[in-house]
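The structure appears right after this line, and notes come after that.
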Ligand code: PBG
């Protein structure tokens, strides 16, 4: 033990100033990169995209600068460009024509719905790109809820029965990952059994296991056109932002029921949950940088209050540092360009 160095500082691997100067390692780029503990790569990114009916159609999402809804033909092109930049997976979200929305959300189980047509087209054009298909009723339900609503209540088991059928049409269309974002109880086990029974045992399930009832989903609801329709809130099925132990119970249940990967959502305000889930279960843990987080960054950057490029990359690196293996982000394509320097 050197002079002036206490037992505690030796245990912590720290010496004492002026012999030890943490700034020494930060002095040059090569050195900072050499000792970096976390790395971000384009393989970590999952790009969520919004699909529109028709051909040659593109629409800006007003509350998400730089994000567009695309018709299938344009989406196929855009995903090809993203793949060329190193993005390996995409998550699909449809904007359903209001005339197809019903109180039972039956369009969700139509094998020719927008989601299934997009899945088939993308799999045909870009078979190497992983496709995450969202399972929930909100894009198809005239109440804007993720489940079936009766007398103001969101029915659990009746909803799960529909989600099974939705999962099966998506798997048949070519989904690589079924991604239930609905937060009904027991849906992972039921979906796993249904997939296995239909010969889709190779299809993965990524459960939105710790999904919070968050104010940060607002712009997404504009993007899929469910926001105006939403009656009330989602607090009877999505988690209370006050809770963390509960997220561990949710994740434990979903893993027990057969989830291959779990998701924590939203992202930036919930990094403590990402860390706790990862440390407790040591399973692939993804995180969603949701629409409101994206909108906040863009609004600040557009006002000149934040350096957009630096803020985007720092926010994504922080998810990796917290323990996430994958990040859903609307900034995936711009981040890939930044990482590649193009
Ligand atoms: C609903 C769903 C939501 C998001 C993904 N799937 C919104 C909600 O729960 O109301 C939000 C994603 C985002 O805000 O970017 N099934």
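Each residue's number is its place along the chain shown, starting with 1.
Placed from the backbone N, Cα and C atoms, the Cβ positions cover glycine too.
Note that TrEMBL annotation is computational and uncurated.
Here the structure is a predicted model, which means the values were calculated and not measured.
The following features are taken from TrEMBL:
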- 211: active site, schiff-base intermediate with substrate (ACT_SITE)
- 250: Mg(2+) binding site (BINDING)
- 265: active site, schiff-base intermediate with substrate (ACT_SITE)
Quiz prompt | Candidates 211, 265: member of the active-site residues with the richest Cβ shell (10 Å) | solution = 211
Quiz item: When you measure from the Cβ of the residue listed as 'Mg(2+) binding site', which residues in the chain that are at least 6 apart have a Cβ under 8 Å away?
Solution: 209, 210, 239
Quiz prompt | Rounded to the nearest Å - Cα separation of residue 211 (active site, schiff-base intermediate with substrate) and residue 265 (active site, schiff-base intermediate with substrate) | solution = 5
Exercise. Based on DSSP, name the secondary structure state of residue 265 (active site, schiff-base intermediate with substrate): helix, strand or coil.
Key: strand
